[in-house]
């Protein structure tokens, strides 16, 4: 079995044994997974209502003075140069700084819920912060502009593309984490923990929650966007190594993209499986139930067994009839299993194809990574960027920026399609992209918006582009 390079847990070090607090035990002072979850919330950009802790992001220089930034930079440099153990020894042991002070100097503002915690109980959180800082990729300084991206695309031979829901928003499909996304809609309908809709344990106990809201995720179109077409264009040019998609709409396949190029990280609506007998069906068989907010049950294990009784005096005769009126027939009825679309819920393992690809070593050959329409908040897919060699150029295309890693060039736009069309125009690929978008499988509305909107392009140093419509900022 391939090793999992996404497993980067940091072991307990001898330095922690030197910490002069008798009550501290590295094995019992907190859950590393809990600390990881807290850092996910505190260090991710605040985009939706499902994130309950409203805290500062990693980098907000406008709220800090120069000396604070210099001190943080020095601490980070020391951490990267000397390692986790030396860092703890220097700041916790030698300088005797409280854990909460170190966290604050690193840009982590504790939520009020943690203010009453004993200082030493915050050590698992500090450990998680340091682990992430060490793993965080540093931007390559020599890739900054549109021209750099065009040159990278022309030279690349092993492009990895990672996409999220933002690639399909031009088709009218909701993303998850924007202000008007799916999670925000669930919150407005009173679902206190929107992500519970995709929790496998909740689904098994109360499938009505999923079936009440799933119709908003059901693909209403079989047509792809210009951004999908761009990925197919990369394959046609023999540049695409792998597409990792977090989407469940299955639209990537509508472009004609080869199956062996696609890793569906979170499954799709293409098929569905009974959680009881594992009977598998085409996903479209559930669509009527989903659209009517009705739980879908299995037609296979839900069939009542035929109760037969032999009649006639001659034992050699084989005449039987159904005894549907028997008192025991009601007991013989099988409880049908619940049908679940083959999408990956929280609490379920990702497909083997994902881990096989990540563990195969193929990603080490990547010469360009392009992330499109994803906030990179759901592990382990979000950790792919740490598997790609840090010297590989990385491009980010989405509506909002990410704070927990550094891409080389960022393109921020209400529609990813606008960015894609502009890149292809500058690369001399516009006619080829247009040809793919002229096919009947391409969504006509998204094609018109992508190719006919006049764009306003603003550059923000050192390497971020803001791309909007010249008329009203969007369209």
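The backbone N, Cα and C atoms fix where each Cβ goes, and this holds for glycine too.
When secondary structure is read from DSSP and collapsed to three states, residue 266 (active site, proton acceptor) falls in the coil class. Under the heading active site, proton acceptor, Swiss-Prot lists 266, citing sequence analysis as support.
Mapped onto three states, the DSSP output places residue 399 (NAD(+) binding site) in coil. The annotation NAD(+) binding site is assigned in Swiss-Prot to 164-183, 246-249, 373-375, 398-400, 416 on the grounds of similarity to another entry.
The Zn(2+) binding site annotation in Swiss-Prot covers 274, 277, 298, 301 and is backed by sequence analysis. Look at residue 277 (Zn(2+) binding site): DSSP puts it in coil.
The annotation compositional bias 'Polar residues' is assigned in Swiss-Prot to 1-12.
Sequence annotations record features per position, and here Swiss-Prot assigns compositional bias 'Low complexity' to 20-35.
Per Swiss-Prot, the feature domain 'Deacetylase sirtuin-type' maps to 139-436.
Residues or ranges marked as phosphoserine by Swiss-Prot: 55.
Sequence annotations record features per position, and here Swiss-Prot assigns region 'Disordered' to 1-35.
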Self-check item: Where residue 301 (Zn(2+) binding site) falls in three-state DSSP terms
Solution: coil
Exercise. Compute the C-alpha separation of residue 266 (active site, proton acceptor) from residue 172 (NAD(+) binding site), stating it in Å without decimals.
Key: 20
Practice problem: Taking only the Cα atoms, work out how far residue 373 (NAD(+) binding site) lies from residue 274 (Zn(2+) binding site), in Å, as a whole number. | Solution: 31
Quiz item: Using C-alpha atoms, which one of the binding-site residues 164, 172, 180, 399 comes nearest to residue 277 (Zn(2+) binding site)?
Solution: 164
Exercise. Would you mind sorting out which of 274, 298, 301 (the binding-site residues) have a C-alpha within 10 A of the one on residue 176 (NAD(+) binding site)?
Key: none
Quiz item: Going by C-alpha distance, which of the binding-site residues 274, 298, 301 is nearest to residue 164 (NAD(+) binding site)?
Solution: 274
